[in-house]
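Presented below is the structure to which this report refers.
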Amino acid sequence: MTKADTIFKENITKIMEEGVWSEQARPKYKDGTTANSKYITGSFAEYDLSKGEFPITTLRPIAIKSAIKEVFWIYQDQTNSLDVLEDKYNVHYWNDWEVEGVPANNGDKRSIGQRYGAVVKKHDIINRLLAQLEANPWNRRNVISLWDYEAFEETAGLQPCAFQTMFDVRRVGEDVYLDGTLTQRSNDMLVAHHINAMQYVALQMMIAKHFGWKVGKFFYFINNLHIYDNQFEQAEELLKRQPSDCQPRLVLNVPDETNFFDIKPEDFELVDYDPVKPQLKFDLAI
């Protein structure tokens, strides 16, 4: 059993046994009914990527390829355009969060509002982050924040769930490591937990490669970790499953010091990944 599997089962058990019910819930199911959930607060996990600990479960298949493509959409393309996400990456699940009548920051007609990639572009976040890491790798101000009140007032749209990332550099002997911390306001435990974690591990790996550093530790804090009320059967099924004996790890197959913007989704490879099947079905809360 991997560390991620252990944490996954512990979180499911804690939510089901100790979680409290949501009140005045915003999300809806596709039939229009309120998507209530049981939740816990203050969830934290630590993974040492340098030792092969990756935040991906083997208890069910995780769509890692499309998840990583979303990272490129946000941080390389730096757009909120659904057309780019579909035409360039063949990713469609953000369509449920389209904000009608709000054009994308690149002029395309369809967007998710002034969110995610649009905020990255607006503040030139990636270029600023890379520049200050270049100037002083040991500075303590390496923060990506997608929480933009001005953008929230400008258009409608889902407010970012994974909204803040921080990076720190450590020297251990002759090696330099990049650590990453992801802060998330809200997380759908069964559907999105490992998707979001692995997305930001991928981002951490891209930044580390840019400088020729090794990836170090990944810290993951979630304020509200929940399971929706139409997912309880799937939760029980996951608790019953025996994890695969594989040890999955994400590999970025480019040379050290490859420019951040030259890395491509196909440069990533998830190796030794043999998750338990069949896949479970989930009706998403929107």
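Cβ from N, Cα, C; glycine included.
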Swiss-Prot has Arg140, Arg141, Arg185, Ser186, Asn187, Asp188, His226, Ile227, Tyr228 down as binding dUMP; which of Asn127, Asn196 does it also list for that site?
Asn196
Measuring Cα to Cα, how many angstrom lie between Asp188 ((6R)-5,10-methylene-5,6,7,8-tetrahydrofolate binding site) and Arg140 (dUMP binding site)?
30
Fill in the CA-CA distance, Ile227 (dUMP binding site) to Ala285 ((6R)-5,10-methylene-5,6,7,8-tetrahydrofolate binding site), as an integer in Å.
11
Do you know which of the binding-site residues Arg140, Arg185 has the most other C-beta atoms within 10 angstroms of its C-beta?
Arg185
